[in-house]
C-alpha cells in the first residue's frame, strides 16, 4: 500500500489559490462611467450586445460589458438569462471546490489543510460575490451595488437555517420512541407532527453553539444604530471586521487542534465509499443485474444475493456472515478493515436492532443504496458501468490509495495523482468563481434596474441557489437515509456553513465597507440574520431531538424574513 503524499506536496499549491483570485479581480472590471445620458442608448439595448467598434471607441451603450467582451443588456429578459447563465457557472465552481476539498481532506486527513484552507475554499464563491459587489465604480455606485452582497450574505444564511434545515427534517424523519428519540430507519407514522422527527448527537449541538457565537460581529456593527449615535460608525465597522477575522481564525484553529469536525466529514465520505463498493461487488457476483434497463431495482436478484450471503440458510444474516462477504470484496482501494465495514452495514441495515439482518431489511437497505446511487450518478444506462461510475466517484472522495482493480485504471488509485486532481479541481473552481462573480453581480444589478425590484430581494432569493444548491442537494440526499449519524453530519455541515458566512463572508463585507468608506445602512438585513441565527441557534444548541412540527418553524422564518425587510425598509424607512 502506497503511503499518502505528505502535506508539503499539496500545501504550496494551495497557497497559490489565494494569489490566483487577486489578479482576476484586479483586472476583471472597467471603471463604471456614467454621464446620465443613457436614454437613447437604453432604447436601443433590447438585445444582448457583443463588443463593437463603437464600444471600443468608448461610446456609451447603456450597459457595461464585463471584461470588455462579455454580453450585456438593459432588458429584463436579457438580464434574467444572464443571471441564470452566470449563476450556473457559479454553481459549477462551487461544485468543483466542494469535490476538490473532499478529495484533499481524504488524502491529507484532519490537520492544518483541512482546518485552515478547506473551510475558506468552501465559502469562497460567496466571499467573491460579496467582494465584487462593491469593488469598483464610484462610491455612489458601490453603495448601490453592495446591497447585492448583503442580500447574498443574508439569503445564504437564512436559506441554510430555514429551507434546507426544514427539508432535512422532512426527508430524514423517523418514528419517535416514548422518550422522543428517533428510531433509525423506521418511518411508519407518516407525517405525524409529534410522533415522527429526527435526532442528532451532542457534537451537532456544539456546532450549533459555535454558529450562535459567530453572530457577535453583527451586533458590534449595529451598536451606533442601537444607541442612535451620530458618530463612530467607521470605528465599529473596523472593530466588527477585527472580531469577525479573529472568530474566523479561532474557528479554523479549533478545527486544527480539535479536529472532530473534520473527522465527521471524513467519516461521511468513507461511509459513501463502503456503500458503493458493496453495490459494485454485488452487481458483479449476483445472479443477474441489480437494475433493469429503466433503472428499476430487481428485487429477485437482491433476494438471491441475500441467500448467497446467508451461509447457514437460517433466513437472517449474522455479523460473521456479513463480514465474510465483505472480506471477499477485498477493498484494496480503501483504508478500511472488514470489522469496521461490517459494523457500518449492520448499523445501516439492521433497523429492528436485533443484531440480525432479515431478508426484508436487506432488501430495503439495498433499495435505499441503489436509489442513492441513481441520484448521485446521472447515467443514461443502468448497466455495470453505472455502479462502477458511482464507485469511482466515491473513491475520488475517499482516500486515493492504490487501486488494483483493472476496470478503474492504474492512475486513479495513485495518491499523488489524486492529490493533483484535487488541486486542479480547486484551481478550476476558484478561477470560475472569480471570473463569473463580477458578471453575475452586474446582471443582478441590471435586472433590478429593468424590473424595479430591489436588488436585495433578487440576491437574497436567487444567488444563494447558485452558491449553495450543490451542498443543499447532497445534504437532502443523505438526510433521506434516516439515520441519526448521517443527520448529525448533515446538520453539522449546515451549521458550519452558516459559521463561515458569519465570519469569513462578513469580514469581506466589512472590509469592503471600511476601505471604500461606504455607509453602514443595513439594519433590517442584519436584524433578520440575527433573529434567524438566534432562534435556530438556541433551538438546536440545547436539544438533540426535533419532532416534525419543528420544520414548520424553520420554513416560516424564510418568508417572514423577506416580509420583515420589506416592512422595515419601505414602511418604516429603516433604509
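The backbone N, Cα and C atoms fix where each Cβ goes, glycine too.
Model, not experiment: these values are computed from the prediction.
The annotation transmembrane segment is assigned in Swiss-Prot to 69-89 (among others).
Among the features that Swiss-Prot reports, transmembrane segment is placed at 112-132 (among others).
What Swiss-Prot records for 146-166 (among others) is transmembrane segment. Residues of the same chain lying 6 or more positions beyond the ends of the transmembrane segment (146-166) and with a Cβ under 8 Å from any Cβ of it are 126, 129-131, 133-134, 441, 444-445, 454-461, 463-465, 467-468, 472, 475-476, 491, 494, 497-498, 501-502, 505-506, 509, 512-513, 518, 522, 525, 528-529, 532-533, 536, 550-552, 554-555, 557-558, 561.
Marked as N-linked glycosylation site by Swiss-Prot on the basis of sequence analysis: 179 (among others). According to DSSP, residue 179 (N-linked glycosylation site) is assigned to coil rather than to any helix or strand.
Here Swiss-Prot flags 210-230 (among others) as transmembrane segment.
The transmembrane segment annotation in Swiss-Prot covers 237-257 (among others), and the record cites sequence analysis as its basis.
Feature annotation from Swiss-Prot assigns domain 'EF-hand 1' to 297-332. Counting residues per DSSP class in helix, strand and coil order gives 22 helix, 3 strand, 11 coil for the domain 'EF-hand 1' (297-332).
Cβ neighbours within 10 Å of residue 298 (N-linked glycosylation site), excluding its own Cβ and spanning all shown chains: 15. Under the heading N-linked glycosylation site, Swiss-Prot lists 298 (among others).
For residue 310 (Ca(2+) 1 binding site), applying a Cβ distance below 8 Å and a minimum sequence separation of six or more within one chain yields 316, 317, 321. According to Swiss-Prot, the feature Ca(2+) 1 binding site maps to 310, 312, 314, 316, 321, an assignment based on sequence analysis.
Per DSSP, the domain 'EF-hand 2' (337-372) is made up of 26 helix, 2 strand, 8 coil. The annotation domain 'EF-hand 2' is assigned in Swiss-Prot to 337-372.
Neighbour list (residue 354 (Ca(2+) 2 binding site), Cβ cut-off 8 Å, at least 6 residues apart, same chain): empty. Under the heading Ca(2+) 2 binding site, Swiss-Prot lists 350, 352, 354, 361.
What Swiss-Prot lists as transmembrane segment is 417-437 (among others).
Sequence-remote contacts of a segment are chain residues at least 6 beyond its ends whose Cβ falls under 8 Å from one of its Cβ atoms, and for the transmembrane segment (457-477) they are 83, 87-88, 90-91, 94-95, 98, 125-126, 129, 147-152, 154-156, 158-160, 164, 167-168, 171, 372, 375-376, 440, 444, 447-448, 490, 493-494, 497, 562, 565-566. Feature annotation from Swiss-Prot assigns transmembrane segment to 457-477 (among others).
Per Swiss-Prot, transmembrane segment is recorded for 494-514 (among others). Outside the transmembrane segment (494-514) by six or more residues, the chain places 119-120, 122-123, 126-127, 130-131, 133-135, 146, 149-150, 153, 156-157, 160-161, 164-165, 168, 204, 207-208, 210-211, 214-215, 217-218, 221, 234, 237-238, 240-241, 244-245, 247-248, 251, 261, 468, 471, 475, 520, 529, 533, 540 with a CB less than 8 A from a CB of the stretch.
Panel annotation: around the transmembrane segment (522-542), residues 147, 150-151, 153-154, 157-158, 161-162, 165, 204-205, 208-209, 211-212, 214-215, 218-219, 221-222, 225, 456, 491, 495, 498, 502, 550, 553-554, 557, 561, 564-565, 568-569, 574-575 of the same chain, lying at least six beyond its termini, place a Cβ under 8 Å from a Cβ of the stretch. The feature transmembrane segment is assigned by Swiss-Prot to 522-542 (among others).
Annotation source Swiss-Prot lists transmembrane segment at 548-568 (among others). Panel annotation: around the transmembrane segment (548-568), residues 154, 158-159, 161-163, 165-167, 169-170, 173, 191-197, 456-457, 460-461, 523-525, 527-528, 531-532, 535-536, 539, 574-575 of the same chain, lying at least six beyond its termini, place a Cβ under 8 Å from a Cβ of the stretch.
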Spatial separation of residue 179 (N-linked glycosylation site) from residue 352 (Ca(2+) 2 binding site) - C-alpha basis, Å: 17
Candidate nearest residue 298 (N-linked glycosylation site) in space, where candidates are the binding-site residues 312, 314, 350, 361 and distance is Cα-Cα: 361
Sorted by sequence, non-310, 312, 314, 316, 321 residues with Cβ within 8 Å of centre, Ca(2+) 1: 309, 311, 313, 315, 317, 318
Check: same-chain CB within 8 A of Ca(2+) 2 site center, minus 350, 352, 354, 361: 349, 351, 353, 355, 356, 357, 358
Other C-beta atoms that fall within 10 angstroms of the C-beta of residue 321 (Ca(2+) 1 binding site): 18
